[in-house]
């Protein structure tokens, strides 16, 4: 397979071709055949997408198996496009052909239950098995850099194809053009770094480390956001996802009118449904149609996206997403009194409930770019609940005015939480701020492993380092929207392996209230603390390492075990135990035989700590 040709052809496929893609068979009366798809995409484009789809569905399959299935489906498509249109297989929807191909393969027992189902339940089953928790393999991780360069020079095309396969199976929710654009970056990195492989003054390791970030970052970020979006859609439904996008688009495009913003919301929600369902071709078409609409109407959408619309198709989407919020219209009033004081407010709400609340959310969001989208959803929900209550009383004006006080209170509380967290981060720094989070989240979620707790709190600490340096008008959107990604990951972890009832409630009851709900969780009273077994706390000479990062990791693992052993530990008790541990470590690390010292002193420390904790 000439993977280089495939990548370049699909990356620069014109908008005309993408727009020619037919709609999903689920949305039209006439089902679009595999032959039609093949004719419109052409062989290399079709084969590349097939390769990605099979790698994303059959994550545990080999590269060879993914290539074989992609070639088998491409051969069928070619025959159907040529002359075999009456063949029953040619009339099947493309989605069904892909799943039939997987189900006909041998040695794939993981999919037996899914294959026994009928469509569309079969597709839902396959999507539910997608797992991105295995993470991303670095482009230079599989071998040392010299061997990687040699391999690239001898097998460039197959190596790039293998890279596409690896990225696809590690990121089963990632948008296909993102994977292919990353493959281009990978190929460029290999050429740039390996070009001077024979030049001994050229540091290959340094070159790979520097350029790998450019390859890895979009994969990690786009994959996480896509999975996060699909999680919201699956758990909270289309209405919640539409409300979220309405708030975000209204903030980004405050000059666009409600009809334009609402159209974008509907189109984007439909795109997410296709993408999350695994309909790759429709997902691609939907996205390009949205980009085409935005750029065709850029004058009424935003003054900040002109340069984005001049970029190549694949770069356009990323550019628009990252573009600054447009300036608010000069004549935009600071308040929206009509949603509180209008005499016909209850009549409007009764007649067109969702549209009325959507208009409120649109008007409020375009006036407040300094608020997070999640906070705006809470405000929208508060407004809807207020109308439900006030329109029953017969005196909505008096009742609604009380809602303004609740709104001010919520805004103050949210801003105070973020300010307190940022003040703590600035005072303590990364390590001690993360330790503070570890204490809190180990008490809330002691069922998580040490590795999971360290990972999630590390991500939250990264949010602090990224957002707490920003100005006040950018702090909330940055902090809460990035924290939402971490909480979404925790909730997806809960779905696969339930954590506890408190986490279940926060992850299930309300998307908008998820962050405040998690914040209010306290000690899990139903948790049975760890027993003090000989292996719970062990002390060895590796505690004397001079590598600060390794030492901090070991100390954090001990902190987690300590809290799991004594969830009710007070700050005073923790300080005493920590001081005793630090003294023992300093003493033993000065000894010639530090291991022997730890063997002797460790049990004594545990006994003293038990007394401190029982005091």
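Placed from the backbone N, Cα and C atoms, the Cβ positions cover glycine too.
Per TrEMBL, the features are as follows:
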BINDING   279  Ca(2+) binding site
DISULFID  80-90  disulfide bond
DISULFID  114-125  disulfide bond
DISULFID  193-207  disulfide bond
DISULFID  230-276  disulfide bond
DISULFID  275-283  disulfide bond
DISULFID  295-309  disulfide bond
DISULFID  308-319  disulfide bond
DISULFID  346-391  disulfide bond
DISULFID  422-468  disulfide bond
DISULFID  491-507  disulfide bond
DISULFID  506-517  disulfide bond
DISULFID  588-597  disulfide bond
DOMAIN    23-212  domain 'Albumin'
DOMAIN    217-409  domain 'Albumin'
DOMAIN    410-607  domain 'Albumin'
SIGNAL    1-20  signal peptide
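Around residue 468 (disulfide bond), a 10 Å sphere centred on its CB holds 19 further CB atoms from the protein chains shown.
Distance from the CA of residue 309 (disulfide bond) to the CA of residue 319 (disulfide bond) is 8 Å. For the pair formed by residue 279 (Ca(2+) binding site) and residue 230 (disulfide bond), distance between Cα atoms is given as 13 Å, rounded to the nearest Å. Checking each of the disulfide-bonded residues 90, 283, 295, 308 against residue 506 (disulfide bond) by C-alpha distance, the shortest gap belongs to 283. Cβ neighbours of residue 309 (disulfide bond) (same chain, under 8 Å, six or more residues apart in sequence): 294, 295, 298, 316, 320. Note on proximity: of the disulfide-bonded residues 114, 193, 276, 391, the one nearest residue 588 (disulfide bond) is 193, by Cα distance. Long-range Cβ contacts of residue 507 (disulfide bond) within its own chain (separation 6+, distance under 8 Å): 235, 490, 491, 494, 495, 514.
Listed disulfide-bonded residues: 207, 275, 346, 391, 422; maximum Cβ neighbour count within 10 Å falls on 275.
Among the disulfide-bonded residues listed here, namely 230, 283, 468, 597, 283 has its C-alpha nearest to that of residue 308 (disulfide bond). The Cβ neighbour count for residue 90 (disulfide bond), using a 10 Å radius over every protein chain in view, is 20.
Neighbour list (residue 597 (disulfide bond), Cβ cut-off 8 Å, at least 6 residues apart, same chain): 587, 588, 591. For the disulfide-bonded residues 90, 125, 193, 283, 346, 391, a Cα-Cα cutoff of 10 angstroms around residue 276 (disulfide bond) retains 283. For residue 90 (disulfide bond), the nearest neighbour among the disulfide-bonded residues 193, 207, 230, 275, judged by Cα separation, is 275. Sequence-distant contacts (6 or more apart, same chain, Cβ under 8 Å) of residue 114 (disulfide bond) comprise 103, 122, 125, 126, 129.
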